[in-house]
Every structure is written in C-alpha cells, then in structure tokens.
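J.: Before I ask anything, let me first share the structure, which is written out below as structure tokens.
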Amino acid sequence: MRSRSSTRIPVPLMLIIRIALTLSCIRLTSSLDGRPLAAAGIVVTGDKAVDIYTSSQTGSIIVKLLPNMPKDKEACAKAPLEAYNRTLTTLLTPLGDSIRRIQESVTTSGGRRQRRFIGAIIGSVALGVATPAQITAASALIQANQNAANILRLKESIAATNEAVHEVTDGLSQLAVAVGKMQQFVNDQFNNTAQQLDCIKITQQVGVELNLYLTELTTVFGPQITSPALTPLTIQALYNLAGGNMDYLLTKLGVGNNQLSSLIGSGLITGNPILYDSQTQILGIQITSPSVGNLNNMRATYLETLSVSTTKGFASALVPKVVTQVGSVIEELDTSYCMETDLDLYCTRIVTFPMSPGIYSCLSGNTSACMYSKTEGALTTPYMALKGSVIANCKMTTCRCADPPGIISQNYGEAVSLIDRHSCNVLSLDGITLRLSGEFDATYQKNISILDSQVIVTGNLDISTELGNVNNSISNALNKLEESNSKLDKLNVKLTSTSALITYIVLTVISLVFGVLSLVLACYLMYKQKAQQKTLLWLGNNTLDQMRATTKI
C-alpha cells in the first residue's frame, strides 16, 4: 500500500501558531477609564498585574549559628562564645526535639504509623489541637527527612568552614546553601583586617554582636514555643537568620531581582525548620518559593465608592470592588485565591464572574446606568484623594478652602464635587488640611446628577423600613375590609336567607321561560304576517294581469 505524504505541522509549531492567532484577535488590555466615573462617586484607585503561582520550588538554607574565630583570637572570644553556645542550646533544643519526634513517627508502618504521626503532631501543639496547616507542615517535614539526614552527614565540614556562604551539593536531592551571619561578622571584623585589636576590645565586640543575634533568634522562634516545628518562618525571619546571604539562595531558586521585592511583600516565600544539631549549632531550614507565571494581558482594577448626594438621600454605587479586563470583556475578579502586594496580585487560580448589562454599561462610562444603594450613613467618609486632587461630597462635609479662602459649595442635584489645584490650593476637610497638586482635565465628566430611578433599597435597615410601609398598607386595607363587613352586616338578613335565594332562582327561571315563549310567539306571528303579505301580493298580481288582458281585448 502506497504511503501518502503528510503535511501536518509539528505539534509545538501548531501551538505557537494558535497562540499567535489568539493573541492577534485580542486587543491589548487597557485599564478601566475612571474619568467619566469619578463624578458619579466611583473612583478607580489603581491597577495591579495578575500573576499565577504555584509553590513548587524548594531549597534548603543551612544556618551556621556558631562562628569560627581566628586561631590567634580564640582565647579572647572564648567566654562570650561559650555563653552564647549555652544560650543557643537552651533556646533551640525544644525545636530540635519537636522535629525529631515528628520525623521518628514514620518508623512504624501501616495504621500504627498514621496514629504515631498524628500523635507526634498533637504532642507538638498546645492544647492537643492540630490545625490542617500544621498537619500539612508536618507532612512537608516528613518529606524533608532524608534531606535533613544528608545535611547532618555533612555537619562537621559545614561547621569547620570559614566561608560565610557556599553551596552544599554533596549527596543532597535539592539545592542547599550554607550561610553564617555571625561568620560574616567575624570575617569582616577580624580575618580581613590588618588592624591590631586588644583582647578586651575583641571580647566586647564579639559579645555585643552575639547578644544582638540572640535577640534576633528569640524574635524568630519566640512565638513558636507552642509548636516550634510546625510554624512557618516568614521571609523577614529568614533574613534575620541569614542576613543578606538569603538573596543568594533565592537567586539560585530562580527568583529574579525584578520579582524579589514583590514576592517578599507577598509572604509567599516561607521556611520550615527541618533540623537542629546542638553539637555543631547547625540549623536547617527548607525554603519554599513560588513558581510565578505572568499573565501579560490581564490586570486587576480596584474600585472604591463615595457616598453621593441624591434626592432620596446619601447613597453609594453598586459596583464590584475588583474587576479585570481582557480586551472588551470586563468581569468581576474574585481575589480570595490571591495574595496582594503593592504592584502585583499572585493567584493560585483565576475566578471571575460575569456582570449584569447595567453594571457593565456603568463601568464603561454610561453613568445613567449605574445603580445606587441607600446604605451609606451620614458618618461615612465623604471624600477621597486621587492623584493630588480630591473628590468630595460637600453636602455631607464642609469643604473649606484656605487658599484662596472660601467655602466650596456643591450645586443642587450634583452627586460629588471634583476639587483640584485650579479651584483650591489648600483644602480643609473635617480638620484635615490637604495641599492639592493635581488637576481634573476636560476629559473628566462633572456635574453628574443621580436620578431617583437609580437609587434602590439593599440595606437591611432600609428593607425593614420598606417592609414596615408594606405592613402599614396591609393594615389600612384590613381596616377598610372590616368597615365593609360592618356595612354588610347592617343589611336585612332575610333578603340573603336560603329561602329567599330559592325564590329568586324560581322567579328567574319562570321569567326566562316566559321570555322564551314570548320570543317563539313573536317569531310565529312575524312568519304568519309575512305569509299573508305574500298571498296578498300574489292576488294583486293576478288581478292586475286580468285587467291588462281585458284592456287588450
């Protein structure tokens, strides 16, 4: 059988072409235009990039807590180092014991292993209650057991080195970096200097620095007395332990400098202690860092609402707090799966909800389609700063301008006032003085009024009031009904008795019978009359014919 030539495009190339065609059909994302919405009490406060992440990258940082002194200065630093060593052991022994109990719980197989595992967790938690997060942390600790054992196998060489930071790769299944914040101090102060220091000064310097580091360790592990092995360490705590050397590990894990500051603020970089050795004062921490994917065509837009003035009172716009826009599609974004930073939104999944046509039209700039709720009270903050200018409801608060002096009044029916440096340089609101530097250009809509049909009831108190009005209307209707019943009761009861009703029915039937008979009789008489008319007409015609015949003769 002859083979046919194939013209199929390879799968990777097909995917690239499909992606390119898809992107070419999607218009580049532009943030929501807040200029037509500001005067309606809807303020766009900012945008954030939307990223997808998964916590898949792990590495280990080995903290060398006890520094190695130069040989010629060991005697001078012996006393503070011994005191520091004893304090370290006292502080971190509960942590090491907790880690060992959990890791040793996997030595038994089957159901007994599961019971020992849960028992070890509960034994490490105050009040005997283990949360799901603590059980997850314990599972991660079990998985890192082999890596911790490999690190302990190298503990002597790690403790003996004078390097402040170096990679440890011998026999380890994941990236590990040994760091020593105190070793860095010793290297900077004593190893790399030609200055001669007396023994007393060396003792003082080492003692002060060790005490400061102990304070940081107490700050890191102090809140973990109840469950020291199951509480994740924050990125701030990790930096306290490792100093600036922490950046080396994060860079090795693939965290770029452009993402580092944002990820630090997100709290997604965490660490869990996996080992502590009191002999060499080695502390092992497993670092979890997210793997981040950028969604270049998506951003989150944050919206805030002001209490605006309407003819029905104060009200606020019914719009989502966060929306996302891709091309011409605008949908509400659920941020419950996301971690926020100043510039980014890191999400494990993207969940959006479609908006009603009215809200979509409202956010697109058609303020007459916006709906408002009478749920804002008089104590709600009636102003908001936006790019050096102020949007304020000057009917709820006094907008006092100090430069030039005067009171800014809000026109009747106007929802809010847009105040910039052209109308006031220094503005006072509720005792707060603001110097304005921004401006609302001609693209901002002003003097927007909210119609009565745009204000609806959504608050519990307002709904209760409306229900009260409905109840009053029902009560009035019941009163009218009772009044009607009382008037009916005054009528003659005999007229409405059963015998009277029977009499009425009989008379009605008789009347109908007489009516039918009369109709039949009338029809008969009309028929008879027409028959007589036909007879007379026939006789008349015959007589006329006879007379015509006689005349001809």
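Every residue, even glycine, has its Cβ placed from backbone N, Cα and C.
Taken from Swiss-Prot, the feature signal peptide covers 1-31. The region 'Fusion peptide' annotation in Swiss-Prot covers 117-141. Per Swiss-Prot, the feature coiled coil maps to 142-170, 466-491; the stated evidence is sequence analysis. The disulfide bond annotation in Swiss-Prot covers CYS338-CYS347, CYS362-CYS370, CYS394-CYS399, CYS401-CYS424. According to Swiss-Prot, the feature transmembrane segment maps to 501-521.
What does the local environment look like for each feature on the list?
T.: Around the Cβ of CYS347 (disulfide bond), the number of neighbouring Cβ atoms within 10 Å comes to 22. Look at CYS347 (disulfide bond): DSSP puts it in a strand.
According to DSSP, CYS370 (disulfide bond) is assigned to coil rather than to any helix or strand. Residue density at CYS370 (disulfide bond): 25 other Cβ atoms are found within 10 A of its Cβ, drawing on all protein chains shown.
Here CYS394 (disulfide bond) comes close to ILE408, SER409, GLN410, VAL416, SER417: these same-chain residues lie at least six apart in sequence, with C-beta atoms under 8 angstroms from its C-beta.
Taking the Cβ of CYS424 (disulfide bond) as centre and 10 Å as the limit, one finds 23 other Cβ atoms among all the protein chains shown.
Taking Cβ pairs closer than 8 Å, the transmembrane segment (501-521) reaches no residue in its own chain that is 6 or more past its ends.
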J.: On a C-alpha basis, identify the one among CYS362, CYS370, CYS401 that is nearest to CYS347 (disulfide bond); the candidates are the disulfide-bonded residues.
T.: CYS362
J.: Among the disulfide-bonded residues listed here, CYS362, CYS401, whose Cβ has the fewest other Cβ atoms inside 10 Å?
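T.: CYS401, out of the disulfide-bonded residues CYS362, CYS401, has the fewest neighbouring Cβ atoms within 10 Å.
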J.: Per DSSP, to which secondary structure element type does CYS394 (disulfide bond) belong, with helix, strand and coil as the options?
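T.: In the DSSP reduction, CYS394 (disulfide bond) maps to coil.
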J.: Listed disulfide-bonded residues are CYS338, CYS399, CYS401, CYS424; which of them have CA atoms within 10 A of the CA of CYS370 (disulfide bond)?
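T.: So the list reads none.
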J.: Which chain-mates of CYS338 (disulfide bond) that are at least 6 residues away have a CB under 8 A from its CB, listed by sequence?
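T.: For CYS338 (disulfide bond), the qualifying residues are VAL50, LEU345, TYR346, CYS347, THR348.
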